[in-house]
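Visitor: I am attaching a structure below and will ask some questions about it afterwards.
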Amino acid sequence: MDLLWVLYSMLTVCMAINMEATGSHSMFTCEPITLRMCQGLAYNTTFMPNLLNHYDQQTAALAMEPFHPMVNLECSTEIRPFLCALYAPVCTEYGHVTLPCRRLCQRAKSDCYKLMDMFGVSWPDEMECSRFPDCDESYPRAIDLLPSSDGMEESPSSVQRDYGFWCPRELKIEPDLGYSFMGVRDCSPPCPNMYFRKDELIFARYFIGVVSIVCLSATLFTFLTFLIDVGRFRYPERPIIFYAVCYMMVSLVFFLGFLLEDRVSCNAASPGHFRASTVTQGSHNKACTLLFMTLYFFTMAGSVWWVILTITWFLAAVPKWGSEAIEKKALLFHAVAWGVPGALTITLMAMNKIEGDSMSGVCFVGLYDLMALRWFLLVPLALDVVAGVVLLLAGIAALNRVRMEIPLEKENQDKLVKFMIRIGVFSVLYLVPLLTVIGCYLYEQSRRAVWETTWVQERCIEYHIPCPFKVEQTSRPDIALFLIKYLMMLVVGIPSVFWVGSKKTCFEWASFFNGHRRKDTVHESRQVLQEPDFTQFLLRDPNTPVVRKSRGTSTQGTSTHASSTHLAMLDEPPSASTSRAGSMRSKSSSFHGSLQRSRDGRYTACSYRGVEERLPHGSTLRLNDPLQHCGVNRLDSHSRHGSLQCLESQSRHSSVRDLTITAQAIQSSPGNGIHRVIEEDATKA
């Protein structure tokens, strides 16, 4: 017998759900009651959402399903009016909402408690009797059935009101996934993108794909150029390489998103469960999580490496740190550049803030969550820009002060100006796209609420959800805004090509393809900041005359060019020796005021003793000691044999008188240290 009653109750439930009652209730006016259980009462109109937050009668009918056996078995005369008071409350024209009395609730619960226990139905918490007013009247009360004209004086407010966003059934997600959309839990945005048409999304996807290929090619070229000649890019310019690697990974992720379309960023539709395609959220989708981790991590790391680049330029220009001193801090630079983005990425994963982007096919953050957009995108990027610009301006100001106040040779003057121009152009090429991205994010977060309200107003009838109340402004986003944002997110990595683009890079690639490797030489931009002559006039006393040392292949502050020139003069015929005497005099003076590199890698001024300090008073420079003047007094036997041959050649050409004149001129120069440098070079050799 009980089984028959259960079957009868289930049949009644199916009949109670009126599938044709799918009309919109956008104005929240009174609507006819379509629930079979609540028909035939003292009232025949209701409003939605009801007191239990069911946004339509169809949803309310599904929620009433467990109570149908109690109503059909008539366990209490109060159970049906009480349930209808909650699931289909009486509607009045003036919007007055009344609750059932507490005594009505208590009688219905006490009469049907045993039957509910028999069917395994528990009394819901939202129907606890303590929640209702303490009165003892039937439902509906007499005041609820008054004509609208009588009730207008008591409550003149209109029945139209704003109920906020209600998640459509098609967009609902399982509770254990932690989805959220427009402040509603267990809800996800529709996929594809809810703001744009299908043709706009197709164009945007191909646009992002093409730009990602261009940026990937540019940054990959920079990285491969670095691999061909690793020694060419030292600090302070080494962070440019890591910066290029970061945006190479960013471009690669966008390219993968172009290939994957929306297979990762969107959940598949399930028509059998009335589920539409929705945006992927959270970390349950491993492919989406991997794309998010790579994209966000390297985006943040690229901006941090930009700040570190400005720090290294600042250290080279203001405190006059050498390349070795800056390189000693490389471990700290790497810890910050990779550690901070890693901590932010882990935090976002723990907070379940991953969101799919159906336009680009990737997964990122801040696409629908404004809080995540502000604190995990806008704030870090803005801090990086401010810190980088301050350090950059300080470094450029220091270099400009050097150019204006300290007299430089024309070659160094031109190199310094060229280096400052390169820094300025590179910084502009980086800052303009990054500031544009920040501007797009700011505009997007300020207009997001209007865009969402417009979308709800346009789709509320289709989704059978409450439409917005008193919409003052409607607006749809322009596809161009999003295209500019994606373009600038990608092209921000292209300035790295500007830094490595030079004739030397072309020669290195040509040598690489021809199978020949070029010797490691000092990069032109590093010659200005790190070679000893530049550091010399940064550290020297203003009253000391500016001299120049020739550049070699090392940034250690020691040159072998002078000693090799002296030896070359001994190998030349008399005519050439005479012509090189004047040149030898100028070369020898370049060692006056040389620098001594301290243990921390900085250069400090020192003075070398002259030749007269190391020779007895009144003695003259003699050429009878061929090993000393050839710079081979400490060389091996092979070099000694070659030097003796060069002296014999000079004797055969009668060049002793010319070399004596040259040596006397060198000795007469104050503070000349060429012999000492020759000996040092010979020792190192």
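Cβ atoms are placed via backbone N, Cα and C, with glycine included.
All annotation found in TrEMBL is predicted automatically rather than curated by experts.
Feature table excerpt (TrEMBL):
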COMPBIAS  552-566  compositional bias 'Polar residues'
COMPBIAS  577-590  compositional bias 'Low complexity'
DISULFID  C30-C91  disulfide bond
DISULFID  C38-C84  disulfide bond
DISULFID  C105-C129  disulfide bond
DOMAIN    25-138  domain 'FZ'
DOMAIN    201-508  domain 'G-protein coupled receptors family 2 profile 2'
REGION    545-596  region 'Disordered'
SIGNAL    1-16  signal peptide
TRANSMEM  206-228  transmembrane segment
TRANSMEM  240-260  transmembrane segment
TRANSMEM  295-318  transmembrane segment
TRANSMEM  330-351  transmembrane segment
TRANSMEM  375-399  transmembrane segment
TRANSMEM  419-444  transmembrane segment
TRANSMEM  479-500  transmembrane segment
Visitor: Which of C30, C38, C84, C105 has the fewest nearby Cβ atoms, counting only those within 10 Å, among these disulfide-bonded residues?
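Guide: Sparsest of the disulfide-bonded residues C30, C38, C84, C105 by Cβ contacts within 10 Å: C30.
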Visitor: Given the disulfide-bonded residues C30, C84, C91, find the one whose Cα is closest in space to the Cα of C129 (disulfide bond).
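Guide: Result for C129 (disulfide bond): the nearest of the disulfide-bonded residues is C84.
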Visitor: Please work out which residue of C91, C129 has the most C-beta neighbours within 10 angstroms of its C-beta, and give that one of the disulfide-bonded residues.
Guide: C91
Visitor: What is the three-state DSSP composition of the domain 'FZ' (25-138), stated as helix, strand and coil residue counts?
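Guide: Across the domain 'FZ' (25-138), the residues distribute as 51 helix, 5 strand, 58 coil.
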Visitor: For the C-alpha pair, I'd like the distance in angstrom between C38 (disulfide bond) and C105 (disulfide bond), rounded off.
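Guide: Distance (Cα to Cα, whole Å): 17 Å.
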Visitor: Looking only at C-alpha atoms, tell me how far C84 (disulfide bond) is from C105 (disulfide bond), rounded to the nearest Å.
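Guide: For C84 (disulfide bond) versus C105 (disulfide bond), the Cα atoms are 12 Å apart.
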Visitor: At the Cα level, what's the spacing in Å between C91 (disulfide bond) and C105 (disulfide bond), rounded?
Guide: 20
Visitor: Please report how many Å separate the Cα atom of C105 (disulfide bond) from that of C30 (disulfide bond), as a whole number.
Guide: 25
